[in-house]
Structure formats: C-alpha cells, structure tokens
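Just below is one structure, and these are the notes that go with it.
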Amino acid sequence: MVWNQLDPDRTHVAYACLGFFTVLFALCSSVVKEKLFFGEATVSAVFGLVIGPHCFGWFDPHAWGNPLYNTLEISRILLCIELVAVGIELPPRYVYHKRTPLCTLLFFAMVVGWLVFAAFVHWLVPGYSFAWGLLVSACVTATDPVLAQAIIGKSKFASKYVPLHLKRLLTAESACNDGLAVPFVYLALNIIVHSGNSSQIAKNFICITVLYECLFGCVLGASLGYASSWAVRLAKKYDLIDNESNIFFPVAVAFFCAGISPILGIDDLLASFCAGCGFVWDDWYVRRREDESFIDSLDVFLNISYFIYFGSIVPWEQFNNAALGLNAWRLVVLAIVFLTLRRFPAVLMHYKINPEIRSFKEAIFVGHFGPIGVSGIFACILAISDLEVDAQGVAHGPVVGDVPDNVKMAQLINSIFPLVSFLVVVSIIVHGSSAAFIVFSSHLKKKKKEHRKMQSRRKQGSANDTQDNDAEDDDDIGDDDNDDNDDDNDDNDDDDDQRNEDDTDEEDDYTEQSNASDRSSEPIIQPIHIGESLKMADLPSAAH
C-alpha cells in the first residue's frame, strides 16, 4: 500500500521540526528582532518546549543516548565558535588596550557575585553546604556570549540604545569570563572533593587550574590564532586560498580549538577567545575581510538549533522536587537574588573607578546585563562529570541517569543540573525580553513627554485667548465709558439749564425783594448776579 512508504523516524522528525522553525523564523525574523526586539534564543527555547517530550513529544534528545554528554559537546562546539567570532569582531588589541577597566569589571562582577550568590544557595537549599553553593554559583558566574550577542550584537536595539564603548566592554567581558569561570568551578570542586586537605587544594588550583589550564590555554590559543592569521596572509599573498575558504577559516580555527583543548586538558573556552584575539592582532584580517554574512548566518542557525534543543531537555518535573531540596518557592527566591544581587552591588561598588562605565545609568545597565545560557549549562555538566568520577569511580562522566541516593554527594550531582537549568530559563525570559522592555518604556516616556508638551501648548493657547478676550473687553468698557461720559455731559447740560432757570427765578424774586427794600431804604449791599456767577462756574463743566 502507498502508506507503507511513510516511515517516520525520531531523527527525521527532529530534522523536520528544526528546519520548519528555522524557515518560519527566517521569514519573520525582521519583525521579531527589529520590531518586537526579541532574540532568536527566547522564541527558539519556547518552540523547543512545545515540541519536546513535555508537550508534543516530537523532539526528544533523551532518546539519542546520553543527554548530558550530548549537551556538553554541543555546548562546547557552539561556545568555541562564538568565542572565536567575538575575538575577531572586537577591535584589534582591544583586550590589551582596555585591560584595566576590563579586569576591574571581571574581578568585581565575578568574585563578589560568586560569593554573594553562593551564600544564598547555601541558605535557601536544604542540605547544601557553602562549598556546594560555591560550585552552583561558579556555574552561573559567567556571562553567556551567545545570549549577549543576541541582545547587544548587530541589532537595531544595540545600535540605538547601547553606546559603542559599553557594547564592546560587555562583549569582551562575556567572552573573558566564560573561560575565567573555569577556575571558580575547579576551586569549588577541589574544596568539595579534597575537603580538609588545604595543601592538595592549593596545589591543584594553582599549578593545574590556573597555570596550566588557564595561563597555558591563553598562550596556546593566542599563538594558534596568530599563526592562523599568518598562514592566511601567506596563502593570500601567493593566491592559494579562495574567498569562500577565507570567510570560513575562523570556524575551522574554532573547531580545532574545541578538539585540541580537551585533548591537552586546557581551558577550551579561554583558548578559543584568545585564538580569535590573536587572529586579528595585527589588523590584517580585519582590513581584508570581505564578507561577514556567512559567519553571522551560521551563528544565528546554531543559536536557533541549540536553544530548541535546550528547550526540549529542561527538567521541568524536577523544579518542585523536595527530595532534592528544590521547591518552587526556593527557586523563585533564588531567581530574584540572581537577577538583583549577583551583579548590581559589584558594579555599583566600582563603576566610578571604571572609565568605560561613564554614568549611573550605564552602571545600572551593566549590572542588569548578565545573562547565562550555554556557558552555564556547559560549566554545570563539566562539574557533574568531575563529581561522578570522584563519587562513583567511573573513567569519565557524565553517566546516564540519576546517581543512587547512597552515593556521596548524590543530592548535589542530581540537583545541580535542574537548579542551573531553572536559572538559565529565567535568564532567557528576563534578559531575552529586556530589550523589548527598554524600548517599550522609552516609547512610553516619549509619549508622556509629547502629551505634556501638547498640554502645555493647549494651556498657553488658552491663556493667549483669554488675554485677547480681556483686551476686547477693555475696548468695550472704554467705549461704554465714553458713552457714559457723553450721557453724563448731556445730563450735566440739562442740569445746568435747569439750574439756570431756577437761578433766574430766584434772581427775579431777589430783585423784587430788593426793589421793595429800595423803596423802604437805601441798599446796604449791592445785589449779586447769581446767574452770571453760576454761568461762570459752568464754564469748566461746559468745556468738559
């Protein structure tokens, strides 16, 4: 029958799901990233949750063998590629020229945040010692370069809202502290494994972790990057390398670092970043790099693939496992502490002496900007591997399944991955949506400012109208006053006429009386002509 041709396989279904989402995201990527300001990590993790074993069950990495080992190696490859790319994108010798502000930020943000968060883990998770808290805190100390580039990389948000000097500082910090988180992880591991043996702890930490893994890893990575750049220059001089290979060359360097570093037992993340910095040390490759679109496109595809994978392996059922000391309310409190106290106090403590953090607002952004993701998962599984080697005596870890309860440190081994995964989920949600929140709040402030301006213009316009109306009223009042004055003058004239008539009558009466008195005797006082005197008094009124 024709339906016998249908042969669904888990691997092929996974390919189809990955390809379908990548195509769908590519078709609306401009809207998601430039209009909604969400990176590919957030939406990819949500899609991974939907198609993962907790929802539809179409994409189940647990069926592919050892999920922790697969996650460890996938994380290693992605981080090495990202760190080499970051080293190449930074200006040549940036780490050397900005070593003082960079080292200051790394010291305060990593050391202070490591100790503060470890104390809260020890306090909130029952059964956890302070050394166990140091190990969990070391896993989430590093800023993830993958999520960092998704937020402050080549995006519209970064170009508009993040100053260039701050963008470069945070990019370099996210790359450096990935590799520098390894000493914190191994110091905590040595304290746990060699508890009470201070000499063994000091020897392993100083000689092996710091000098060999980190310092030698830096030297080897920088030498490898510089030698690769010299080889490309020589091949270009003699026309031995084509343009496509020249573009792809940094990816090949990243794969080589991801392979040679575990073989030699050195810090592969630090080696990869130093290789990227060494590759552009003399500025030759930057000046002759013709196209970056392939590396950027590969970076986006790898980010989408990884976070779909991570969304499908998140241990949601372990987030409320009281047997491991993980309760929902404890994890929520830890997430709040992680977002508020891991970086904010350290950055605010030193930003005035850091020349690259130039204002309090920039210090707030740097304190907030500390996403964890791929690097946290990588460090967590690396710690589980070493703990299982010590606790179970296996050749190498991580092993498949949970460790039995009768094994020492079983609670730590079984709970560290759910604990770190929960914090990564919180970071993806909060830091992944922080760009959208900043843009939205800025838009609201702009609208409020425009509204206030409009209100002030309306008030000013109404005030001007009131003044015009008052002026018109004054004119009307003046006209009325003139009319009243005219009426008063007319009334005064009428009153004057009446008074003149009355005065004439009185004068006639007074004349008759005077004549009568004249007839009786001589007049003592000459008669006063009242009408004439009144007429003289009326002259000012008439003139008025």
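Including glycine, each Cβ sits where the backbone N, Cα and C put it.
Now, the feature entries from TrEMBL:
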type     : residues : note
TRANSMEM : 12-32    : transmembrane segment
DOMAIN   : 24-440   : domain 'Cation/H+ exchanger transmembrane'
TRANSMEM : 37-59    : transmembrane segment
TRANSMEM : 71-90    : transmembrane segment
TRANSMEM : 102-124  : transmembrane segment
TRANSMEM : 130-148  : transmembrane segment
TRANSMEM : 201-226  : transmembrane segment
TRANSMEM : 247-264  : transmembrane segment
TRANSMEM : 298-316  : transmembrane segment
TRANSMEM : 322-342  : transmembrane segment
TRANSMEM : 363-384  : transmembrane segment
TRANSMEM : 416-444  : transmembrane segment
REGION   : 449-544  : region 'Disordered'
COMPBIAS : 449-460  : compositional bias 'Basic residues'
COMPBIAS : 467-511  : compositional bias 'Acidic residues'
Remote residues contacting the transmembrane segment (416-444) - C-beta distance under 8 A, at least 6 residues beyond either end: 36-39, 41-42, 45, 68, 121, 125, 135-136, 139-140, 144, 147, 150-151, 155, 157, 161, 307, 310, 314-315, 318-319, 321, 324, 326, 331, 334-335, 338-339, 368-373, 376-377, 380-381, 383-384
Same-chain residue ranges lying at least 6 outside the transmembrane segment (201-226) that approach it to Cβ under 8 Å: 84, 87, 179-180, 182-183, 186-187, 190-191, 194, 253, 256-257, 261, 264-268, 270-279, 281-282
Helix, strand and coil residues within the compositional bias 'Basic residues' (449-460) as assigned by DSSP: 12 helix, 0 strand, 0 coil
Feature contact check the transmembrane segment (12-32) with the transmembrane segment (363-384), CB under 8 Å, 3 or more pairs: no
Contact call for the transmembrane segment (102-124) and the transmembrane segment (322-342): at least 3 Cβ pairs under 8 Å, seq gap 6+: yes
